[in-house]
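Encoded as structure tokens, the structure appears first; notes follow it.
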Amino acid sequence: MFITSKEMRRIELNSRWLGFEEDFMMENAGAGVARVVIGEYSPNDVLVVCGTGGNGGDGFVTARHLDSEGVDVDVLLVGRREAIKNEAAELNLRRLDRAGIPVQEVRDSEDLESVDFERDVVVDALLGFGIRGRLREPVRSAVLRINEASRAGTRVVSIDIPTGLDPDSGETPDVAVEADLVVSIHRHKRGVRKLRDVFLRRVNAGIPEIAERICGPGDLITSDIWRRDPWSHKGQHGRVLIIGGSRKYVGAPQLAARGALRAGVDLVFLLTVDAVPKNDPNVIYRAVPAERLEPEHLDEVDLEGVDTVVVGPGLGADADSVGILRELAESFDGMIIVDADGLRGISGVNVDDRFVLTPHAGEFRREFGEELGRSLEDRSEAVRRVSEELGCTILLKGRVDVIGSPDGEIRWNVTGTPAMTVGGTGDVLAGVVAGVAARCREGFEAACIGAFVVGSAGCLAERRLSQGLTAEDVAEYVPKVLRNPWAAEPEAVTEVRRD
């Protein structure tokens, strides 16, 4: 299995959230690399060439384990010690010092002239999967020296990715290490698929399988929604339209609007009936004098001026949800989040990957005729079948939220609390998913992030307010999760294991 650098970073961060610290993963990775080096080459002497980041930390651990097996090891640190900001790498450098393993520091390219690179094996631990582009000095010169040694007969082993190779595209913008063997940590990175005459091995860093399947801080931190141009202007960070509300349900669309705003979008429009109070100054209202919303009411809004539309909160069972969704499917190019009564119209619409459906178990059963089993695996399989069949994203709400992608990938959200059974939290979720989708423009990613953020916000609200929280409280805690994604615990992770 080959994965992107973004996906690998997501998995690492989610592992840390589960309690598997970076030092633990680094120790396992480096020990695994050392075993591969010994098993493949049985070297007498090895030079481990390390950078100042996490890949260098893997190299420090590799050197220590090679030394413990009786291999003559030297470590070359390409960069200044004080430039190491990764705590686990810094810790493992100190361990090398205490183990008496020599570490030579290279501050500029001239320092490389005295280094003997012609060993039995050189381990490339300069740069990992998070770095791309042209190499800077003295790293570039170190790569050239490694390649000279390779041509002279030295075996070269790269940790995770050959330094200089783009981890995703496999392109080489400048120069790259000419490795004989690449030892991938956890999963092979996509970029190595383009390598020829290079052996691939994979070692386990101790990352649990569940870290790949859950939604967590890694989903949020690796998302593009964090990026804001200092010169950006109003509307550039997302514009959301909420379509909902009726004379019977006046609060639901307001809560969805609040969720979108708290997710960080710039502008939120609300198309609703005039019975809904226009009492939020942050929302731009488009109210029509009608009992319920109809497709022709879409003329009241500029669909070209929004990125994402939410259909359903408070819409009412008698609204023409089929007509509204059909019109949107034909005339709107952005993401469409369908919740609550909006789901009643799904059967009459050609759904595609622009759609994110957010049913609870009863709505899922009603709309898709799928009986949901009691186990998480049964529910996951049902979501997978429907999301693949429709070609859209489905977020099935529950104790553990199940998110299915158009191509059948399944993720689980394990945040949340029973206190969130209070009315309106689903409306907040629809708004948050829309807010995220307006910025990342990808339905599955938005659903994963939205579920994690809202569940975490509910946990924080309960921690502060106990059982008496409201949907508004949950919305108010959304920015706190965006600021600190680590604040909530993976409350329902034991439910996953139990199933």
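Note: Cβ is positioned from N, Cα and C throughout, glycine not excepted.
From the candidate list ASN28, ASN44, ASN55, ASN204, the residue Swiss-Prot records in the K(+) site shared with ASP124, THR163 is ASN55. Looking at MET420, VAL422, the binding-site residues in this record, the fewest other C-beta atoms within 10 angstroms of the C-beta turn up around VAL422.
Take the CB of ASP160 ((6S)-NADPHX 1 binding site) and look out to 10 A: across all protein chains shown you find 29 other CB atoms. When Cα-Cα distances from ASP401 (ADP binding site) are compared across the binding-site residues ASP160, GLY314, ASP427, the shortest belongs to ASP427. A Cβ distance under 8 Å defines the sequence-distant neighbours of the region 'NADPHX 2' (360-366), meaning residues of its chain 6+ beyond its ends; these are 340, 343, 372, 382-383, 386, 394, 396-398, 426. Across the structure, GLY314 ((6S)-NADPHX 2 binding site) and MET420 (ADP binding site) are spaced 18 Å apart at their Cα atoms.
The separation of ARG399 (ADP binding site) from ASP160 ((6S)-NADPHX 1 binding site), Cα to Cα, is 37 Å. With a cut-off of 8 Å between CB atoms and residues at least 6 apart in sequence, the same chain places THR358, PRO359, HIS360, ALA361, GLY426, LEU429 near LYS397 (ADP binding site), listed in sequence order. When secondary structure is read from DSSP and collapsed to three states, ASP401 (ADP binding site) falls in the strand class.
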